[in-house]
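Below is one structure, written out as structure tokens, with a few remarks after it.
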Amino acid sequence: MTQALLGRSAAELQDWAVAQGQKPFRGRQLHDWIYAKGARSLADITVFPKTWRAALVEAGVDVGRLKEVHHSVATDATTKLLLSTEDGETIETVGIPTDQRLTVCVSSQVGCPMACRFCATGKGGLQRSLQTHEIVDQVLSVREAMDRRPSHIVFMGMGEPLLNSSAVLEAIRCLNDDLGIGQRRITVSTVGVPKTLPQLAELAMQRLGRAQFTLAVSLHAPNQRLREELIPTAHAYPYDALLEDCRHYLDVTGRRVSFEYILLGGLNDQPEHAAELADRVGGFQSHVNLIAYNPIEEEEFKRPTPQRIEAFRRVLERRGVAVSLRASRGLDQNAACGQLRRQQMAPNTPS
């Protein structure tokens, strides 16, 4: 396997260059070429002597970029990339543009073990977790494909980030320090893994010096019974325990928790569900992000009507819960929330 340089800090690259018998400035050049100029391989870094570049490649060292397999653009300009890893696995990442920002939805694993019924990613199971450079590459690949600097990052692609917390936190450090994306513009989404939330804040403080990224917890139901129907792994994490761990995260970091809630027509979208949800999450600083269901082939769930969605939102609002509705982006290219999977679609835009 290639020894990847992507994902390393400026200090680490400088130390690495010195260990290779080079001057410290070579490490600074390497950092600039990898992060600012977007070098895909050592061959691109023309300021380095050819003999040294060749020797490094011979020794199994390279930048560590992924290969773009497919590139599709939705009618709303949302861009989905299918990327291939060195061992032949594939992952998807999505660039979501607006006039003011470019959000990159990154994957943290190849596949996902959580098997949420409404999500396409979990249908294929988990292959492995991604390494730090494979996570960071997704942001660089979207920047390259869309010719625009990403402003926000959401760990809402393939995989459960808290089952790969070490690589995810190191990727956050890299995105923050090396690509200049503020932690407050980074969101880490989790469906909830027992014992990981209490550790996350402490680990982030150790690894990052602070924990300023947003934690988004996927609830998708107002009670334990319904949550277990939608999320098979929820049986191991009682609803009350999950909320208590969210309160602990808030106490340690001072950062409010965002709760994700996918609305499924006739299943969890009734006014009584909204009232019950308000009773559960209204007791501490939080925010509810409503997401209308995005269809996948394997399930027959229905997307609620706009009227039903608005009624649900109003119940939460009247009960004092901060709430917003996430717009679905990239639907016509299966690039919306819950639709990512490891597959190549018919050609759309050449890579």
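Every residue, even glycine, has its Cβ placed from backbone N, Cα and C.
Quick caveat, the model's predicted, so the values are computed rather than measured.
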Record-annotated S-adenosyl-L-methionine site (Swiss-Prot): member among Ser141, Ser189, Ser286, Ser324 besides Gly159, Glu160, Ser218, Leu219, His220, Asn294: Ser189
Which same-chain residues, if any, lie at least 6 apart from Ser218 (S-adenosyl-L-methionine binding site) yet have Cβ under 8 Å of it: Cys116, Ser189, Thr190, Val191, Gly192, Ile231, Phe259, Glu260, Ile262
Integer Å distance between the CA atoms belonging to Asn294 (S-adenosyl-L-methionine binding site) and Cys119 ([4Fe-4S] cluster binding site): 9
All-chain count of other Cβ atoms within 10 Å of His220 (S-adenosyl-L-methionine binding site): 26
Recorded positions near Cys112 ([4Fe-4S] cluster binding site) (Cα-Cα within 10 Å), from Glu92, Cys105, Glu160, His220: Glu160
Cys119 ([4Fe-4S] cluster binding site): tally of other CB atoms within 10 A of its CB: 26
Of Glu92, Gly159, Glu160, Leu219, His220, Asn294, i.e. the recorded positions, those within 10 Å of Cys105 (disulfide bond) when Cα atoms are compared: Glu92
Mean of the pLDDT scores, which run from 0 to 100, over the domain 'Radical SAM core' (98-332): 93
